[in-house]
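Undergrad: Quick one: the structure is below, questions incoming.
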Amino acid sequence: MSTPHINSKKDDFSDIVLMPGDPVRAKYIAEKYLSNFVQVNDTRLMLAYTGFYKNRKISIMSHGIGIPSASLYTRELIIEFNVKKIIRIGTCGAVRDDIKLRDIVISMGASTDSKVNRIRFNDHDFAAIADFDMIYNIVSISKKMKIKVSIGNFFTTDSFYNDDKKMLNILKKYNIIGVDMETAGIYGVASELKVQALSICTVSDHITNKEFLSSKERESSFNDMIELALESVL
């Protein structure tokens, strides 16, 4: 059943969807890792593909930038297409000195400056957390693959350009491992609709050190993260 944002049939998607923010990255993942894949959505250029990874049916779909976009697509995938497991595979910023560019970080939970989870939780704080089984599994797989990962809490912000030094100091004080624009929203939707979700990101920007990867590097240099996510759902 198509929606205003996803022009696909009911069975076009796997029950497992990996979600990068960038549609170009979704296309890259499908072409590099999936066999017998087909494009199942191009509405609003939010590209989606379904194919097979080691005989497991997998879908890849971009979610765009920010909580509103990511929440919209995850909600429609869950309600209209029976998706049961979502892994965000994206980029994030870092503030801690021990976290470097290209490090892989996994979000146990995510606080946010958005009001989205307060809206759904009667204006109270909501603990937006990942699914435990997914965390346990991906950490186990990372050890087998000898891929270093760091685990901690994210801060999901509505503002990409923010030079608030006071806030940066707070993020460091509370040991925030990654700063992104989607995770808290995805975890909120997943919790409300009773499905599994996990956010795994590669550090593309170090906010306090003012280091960053180029747009070209962001497109295709995150293979370890992608392979880790794919292996974790077999």
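Note: Cβ is positioned from N, Cα and C throughout, glycine not excepted.
The annotation purine D-ribonucleoside binding site is assigned in Swiss-Prot to H5, D180, M181, E182, S204, D205 on the grounds of similarity to another entry. Among the features that Swiss-Prot reports, phosphate binding site is placed at G21, R25, R44, R88, I89, G90, T91, with the record citing similarity to another entry. For D205, the entry in Swiss-Prot reads active site, proton donor. The site 'Important for catalytic activity' feature in Swiss-Prot is assigned to R218; the stated evidence is sequence analysis.
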Undergrad: Would you list, in sequence order, the binding-site residues among H5, E182, S204 whose CA lies within 10 Å of the CA of R88 (phosphate binding site)?
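TA: Cα filter at 10 Å returns E182.
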Undergrad: Report the largest Cα to Cα distance, in Å and rounded to a whole number, among the residues H5, D180, M181, E182, S204, D205 that the record lists as binding purine D-ribonucleoside.
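TA: Those residues reach a largest Cα separation of 30 Å.
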Undergrad: In Å, rounded, how far does the Cα of E182 (purine D-ribonucleoside binding site) sit from the Cα of I89 (phosphate binding site)?
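TA: About 11 Å separate the Cα atoms of these two residues.
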Undergrad: Among the binding-site residues listed here, R25, R44, R88, which has the most company in the form of other Cβ atoms within 10 Å of its Cβ?
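TA: The residue with the densest Cβ neighbourhood is R88.
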Undergrad: Have a look at the binding-site residues (G21, G90) and report the one with the fewest Cβ neighbours inside 10 Å.
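TA: Counting other Cβ atoms within 10 Å of each of the binding-site residues G21, G90 gives the minimum at G21.
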Undergrad: Out of G21, R25, R44, I89, T91, point to the one nearest H5 (purine D-ribonucleoside binding site) in space (Cα versus Cα); all of them are binding-site residues in the record.
TA: R44
Undergrad: Quick check for you: of the binding-site residues G21, R25, R44, I89, T91, which have their Cα within 10 Å of the Cα of D180 (purine D-ribonucleoside binding site)?
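TA: The binding-site residues close to D180 (purine D-ribonucleoside binding site) (Cα within 10 Å), listed in sequence order, are T91.
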